[in-house]
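*Asks:* Questions regarding the structure given below will be posed in turn.
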Amino acid sequence: MSLLAALLVRSPLCVLLGGSRAWRGRGLVSELWARSRRVGEPGRPGRLHAAGITCLARLGRPLLGAQCRLTSGTAGPDPNTEPGGREPATKRLKDLYENPWTIPNLLSMTRIGLSPVLGYLIVGEDFNIALGIFALAGLTDLLDGYIARNWANQKSALGSALDPLADKILISVLYVCLTYASLIPVPLTVMIILRDIALIAAVFYVRFKTLTPPRTVSRYFNPCYATARLEPTFISKMNTAVQLILVAASLAAPVFNFVDSVYLQALWCITAFTTAASAYSYYRYGQETVKILNK
């Protein structure tokens, strides 16, 4: 108790009477050391020496840090910052987290959910209902883009990947099923499927490369953690529109009896051209379509 009282009394004097910051640090340590050797039973130096070391370890370090901050006139380094005044890495990474439950993302997931329903109806040759559900899926595509462009809080990095992914899933399912129903030629469907597989593989590769270590499965598939924003090329947007127009025309062909129309066949050629041009645009300008968020 006498040692603790002496420290509490003497420490402010060290702050007031010291010279430089370095001298004050040595003064406090030496004061603690001297007190530890003078207080106690005179015949037990070993025991008193251990008590002094314990006191120095428990009180000397925090008192020394507080002394240096007080006497220098400025606060010490903030433990919540890194050297250079930057925010800690954990806080910077938290800033990349976002809410995945936005309206555009829900609309995109709705479009993905409608894909197998449309495929089932097409295989069953129920083209009237399939045409109506396809119109609903197209409406969700228009709405999610409109909402994301006009409301900043509804735009997300996840949505930039989820929207084209939903389109590709819908288009792939529809083209496969329409080819099965002999409404779209096989070579065109193969071209579209291969392009979509390549783009989806590229998206997974970009996700892997932009994910900061540790690259665990849970972090990789965490939709809240945003690492990159994808911007499709102009020709790719045009290609998606042409592909959807061909799907709508193919679904309407058996309903309105123009399956063998020359205009439908011309649309096949246009779709093949835009699909090839879109694939080349991603090959040529692929890096410009990816914006890294966690450099």
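We count from 1, first residue shown onward.
Here the Cβ of each residue, glycine as well, is placed from N, Cα and C on the backbone.
Unlike curated entries, TrEMBL annotations are predicted automatically.
Given the structure is predicted, the values throughout are model-derived calculations rather than measurements.
Sequence annotations record features per position, and here TrEMBL assigns region 'Disordered' to 70-89. Sequence annotations record features per position, and here TrEMBL assigns signal peptide to 1-22. Among the features that TrEMBL reports, transmembrane segment is placed at 127-148, 169-186, 238-256, 262-283.
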*Asks:* Any contact between the transmembrane segment (127-148) and the transmembrane segment (238-256)? By contact I mean 3+ C-beta pairs closer than 8 Å, pairs at least 6 apart along the chain.
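*Replies:* By the criterion, they touch.
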*Asks:* Mind checking which residues of the chain, 6+ beyond the ends of the transmembrane segment (169-186), have their Cβ under 8 Å from one of its Cβ atoms?
*Replies:* 111-112, 114-116, 118-119, 122-123, 125, 134, 137, 192-193, 196, 240, 243-244, 246-247, 250-251, 253-254, 259, 268
